Amino acid sequence: MGGGWSSLIVASRYLIHQDSLPKLPVPELRQTCQRYLAVLEPLVSDEELEHTRTLVADFMVPGGVGERLQKGLERRARKMDNWLSDWWLQSAYLEFRMPVVVYSSPGVVLPRAEFQDRQGQMRYAAKLIAGVLDFKTKIDNGTLPVEYMVGKPLCMNQYYQILSSCRIPGPKRDMVVNHSLGKAPPTHVTVVHNYQFFVLDVYNSDGTPLTVDQIYMQLEKIWNSSLQTNKEPIGILTSQHRNTWGKAYANLIKDKTNKESVRAIQKSIFIVCLDAPMPRASDEMYRSRVAVQMLHGGGSRWNSGNRWFDKTLQFIIGEDGSCGLIYEHAPAEGPPIMSLVDHVVEYTKKSEMVRSPMIPLPMPQKLRFNITPETKKDIEKAKQNMNILVQDLEMKVIVFSHFGKNVPKSYKMSPDAFIQIALQLAYFRMYHVCCSTYESASLRMFRLGRTDTIRSTSMDSLRFAQAMDDPTKTSVEKVALLQKAVNAHRVYTDMVSGRGQAIDRHLLGLKLQAIEDLTSMPEIFMDTSYAVALHYSLSTSQVSAKTDCVMCYGPVVPDGYGVCYNSMQEHINFSVSAFNSCAETNAAKLARGLEEALLDMRALLEQTPKAKL
């Protein structure tokens with residue numbers, strides 16, 4: 001890869017771009033407090049709202065606790081690149097102790113590949129690895145084009161965090177290590193097959209990446225030397241509750257061989273999981289089955305042990321043509337992952353280059369593990385817990401084929417806002433109330449920006465949902481309410497992404513500032529309204545991709561839903577998840593309700609004369 005000169009150019013080009021980005025602002029205290037009360041209005045009773053109004057007024061008293069915390073935040077913002085990003089990484093991810101599987105890590109289902117056998121599986125895996133390395137070259141030599149949103153450049157930092165990085169469990173909090181920044185960046189990927197891990201060097205001694213053919217030959221060797229399936233699925237340990245895994249990890253790496261093997265996995269550029277075929281499913285069920293294969297591997301009898309869930313990126317290729325990936329969420333959000341996926345999918349479609357003369361390559365190194373009785377016990381416990389989780393997760397993936405972005409756009413409505421309002425309507429029809437809704441919004445217009453929350457539930461969305469099935473309302477009135485609801489959502493979205501003026505991270509910042517200052521916790525954060533506001537029964541995300549894929553994740557509360565969607569020009573891919581252990585939720589029913597809501601909203605617009613604006 002030649003001397004340090006090119007990397008210096010990259011560093012400076014990247015830094016010049018980063019330095020030109022604005023810092024994330026700290027919103028004004030009064031504005032956030034007022035917007036917080038507006039967010040609560042459709043969610044809590046009048047009495048609760050009255051009580052919260054009093055607490056908010058106390059909090060905002062001039063010279064009071066709110067003002068003191070606000071000044072602390074402003075000081076923090078002056079001396080840091082981003083006042084929020086480190087706090088967010090810690091509180092949202094590294095201190096979150098539930099398993100990363102289902103509760104945190106999203107999965108992505110790729111379009112079904114054309115193969116049905118191991119030769120096809122290896123060929124595809126080889127092309128995929130080459131495609132990721134091709135993308136890595138763009139990251140390494142700084143030719144990754146800067147992305148823009150409404151004409152403004154976005155922070156590209158997350159692209160530098162997704163390769164060669166890994167989460168490491170701790171007893172009370174985890175950490176993320178990024179090995180791409182060291183003196184000798186890793187040159188290998190980890191390949192897992194039949195629960196066995198291998199180090200596959202993907203660069204020649206002169207720094208050039210291996211060709212697709214060379215990678216294919218190496219994968220063949222790995223496959224042939226890991227045919228026995230009776231191995232202990234050591235990787236399933238990474239699916240446990242983080243404290244449990246932290247303890248098991250400390251035990252595991254007491255052994256020198258284990259420590260070296262684990263380190264090789266952590267340092268690798270990414271992981272490729274060569275999965276055994278899953279039970280067959282009908283075409284209608286196929287995507288939902290693949291979604292859970294990506295999210296958790298199907299349980300200990302199937303592919304859940306064929307993973308290392310702490311690794312930032314794991315590509316999963318089944319022998320039956322099912323393909324996708326799962327990523328550990330701490331270092332990055334969906335969009336950088338999806339642009340890597342778009343690149344790789346395009347790359348795998350290319351016809352192969354002329355075959356090069358084959359230089360025999362050394363056998364990929366198999367990673368050894370010495371399994372003590374204690375670790376064996378930990379593995380058994382992890383298997384049981386994983387199987388309980390697998391049984392509990394209901395996942396429904398649907399392709400809504402009636403229309404895509406084209407319909408809302410023809411009525412001059414934001415497609416994202418249109419889908420969010422449809423979701424509000426579907427939920428309202430099921431429960432006759434609305435709920436706290438989280439939609440992830442990017443803060444990448446700001447230096448080191450991650451996300452904030454678009455709150456899709458508003459008085460406007462509630463009024464529309466109530467009116468939609470009200471026979472006393474005319475269709476003209478309903479359309480007016482729909483337009484108002486869609487518009488309110490678009491305004492909130494712009495307030496978040498374009499201006500960094502949302503309320504959720506600001507309130508979190510004030511709360512964390514109070515903890516840091518060792519002051520007593522302000523009452524506004526001990527209030528039931530705050531708990532209601534943060535209980536996201538709908539956790540949603542639009543993850544756009546050029547590729548016809550869909551992302552999926554679990555609900556964030558026991559009685560909630562996880563809804564993710566990719567709206568294409570003429571269709572929309574949705575995933576809806578819920579827990580079977582909650583009698584009140586039903587993913588299949590909400591998915592059907594969402595389809596009906598979208599069709600009813602289109603019908604309403606079509607039959608109302610003045611709707612074509």
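Count begins at 1; order follows the chain as displayed.
Glycine is no exception: its Cβ is also placed from the backbone N, Cα and C atoms.
The annotation domain 'Choline/carnitine acyltransferase' is assigned in TrEMBL to 24-596. In the predicted model, the domain 'Choline/carnitine acyltransferase' (24-596) has a mean pLDDT of 92.
The Cβ neighbour count for His329 (active site, proton acceptor), using a 10 Å radius and every protein chain shown, is 20. The feature active site, proton acceptor is assigned by TrEMBL to His329.
Residues or ranges marked as CoA binding site in TrEMBL: Lys405, Lys409, Ser410, Tyr411, Lys412, Met413, Ser414, Pro415, Asp416, Ser442, Arg490, Gln542. Every protein chain considered, the tally of other Cβ atoms within 10 Å of the Cβ of Arg490 (CoA binding site) stands at 17.
Cβ neighbours within 10 Å of Thr451 ((R)-carnitine binding site), excluding its own Cβ and spanning all shown chains: 23. If you look up TrEMBL, you'll see Tyr438, Ser440, Thr451 marked as (R)-carnitine binding site.
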Inset, instruction - Ten-angstrom check, please: count other Cβ atoms within 10 Å of the Cβ of Ser440 ((R)-carnitine binding site), all chains counted. - result: 19
Inset, instruction - Provide the number of Cβ atoms within 10 Å of the Cβ of Lys412 (CoA binding site), excluding the reference atom itself. - result: 10
Inset, instruction - Just give me the nearest neighbour of His329 (active site, proton acceptor) among the binding-site residues Lys405, Ser410, Ser440, Cα to Cα. - result: Ser440
Inset, instruction - Compile a sequence-ordered list of residues in the same chain as Asp416 (CoA binding site), six or more apart from it, whose Cβ lies below 8 A from its Cβ; state 'none' when nothing qualifies. - result: His489, Thr493, Gln542, Ser567
Legend entry - Other residues, Cβ within 8 Å of Tyr438, Ser440, Thr451 Cβ centroid ((R)-carnitine site): Glu439, Ala441, Asp452, Thr453, Ile454, Ser539, Ser541
Inset, instruction - Spatially speaking, which of the binding-site residues Tyr438, Ser440, Thr451 is closest to Lys405 (CoA binding site)? Use C-alpha to C-alpha, please. - result: Ser440
Legend entry - Inter-residue C-alpha distance, Arg490 (CoA binding site) and Ser440 ((R)-carnitine binding site) (nearest angstrom): 13
